Amino acid sequence: MISPSKKRTILSSKNINQKPRAVVKGNELRSPSKRRSQIDTDYALRRSPIKTIQISKAAQFMLYEETAEERNIAVHRHNEIYNNNNSVSNENNPSQVKENLSPAKICPYERAFLREGGRIALKDLSVDEFKGYIQDPLTDETIPLTLPLGDKKISLPSFITPPRNSKISIFFTSKHQGQNPETKISRSTDDVSEKKVVRKLSFHVYEDE
C-alpha cells in the first residue's frame, strides 16, 4: 500500500533580518514583580507583633573578688603540680641518663676501674648456690642433682659403651686402671668428688673378670 503523499515546501533561504516571534506567556507563569514583593514585606513588618524588651536597672554582672583562703588553696595546688612535674625525668634534660647512650659515657668512672684490673675472674658455679632437681613423674619425688665428679676419670669395663654425650663422656674412659694411672675404678657413680655435677647413671659399673 502506498502512503499518501504529503506536500512539502521547497527549501528556501532564510531572511536573517526577520525577527523571531516573541513567546507569549500566560499571567499564571509570570513571576511577581520586585515592587510587589517590597510592598508585601513592608506590610508584613507593620502587622507583625513586636516584643517589647524592658531594660533592667539592676547590675548585669558582678565583679568576683578572691578571698585569702581561696588564694592560698590555688598557690598550694600550683606548687604540688610544679613539684610533680620536676620529679618526672625530663627526656630533653642532657644530665639525665639516656636509654641508647653508650655505657662508656654513662659511667666513665666504672670503666676506668675496670681498666685497672678490678674485674673478677670466671669460675665454676657453686652447686649449693645453684641447685638442680629432677622429679619422678610417677611418684612426684624431687631428687636434687648433687652428684659431682672429681679430677680423675671413671674407668668403664670393655663391655660397657661410654656415654655419647660430649659433656658427660669426658668424665669416663674405657682404659684399664693399670694402663691409665689417672683413672680410678668405680662400681657405681656414688663415690665421686663434690666439685662438679652430672646426671647419675641408671646402672652399676662392674670390673672385667
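Going from the start of the chain as shown, residues are counted 1 onward.
Note: Cβ is positioned from N, Cα and C throughout, glycine not excepted.
Ser48 is the residue among Ser31, Ser48 that Swiss-Prot describes as phosphoserine.
Looking at Ser126, Ser202, Swiss-Prot tags one of them with phosphoserine, and that residue is Ser202. Of all ranges given (1-38, 77-114), Swiss-Prot attaches the label region 'Disordered' to 1-38. Using a 10 Å Cβ-Cβ cutoff, Thr161 (phosphothreonine) registers 9 neighbours.
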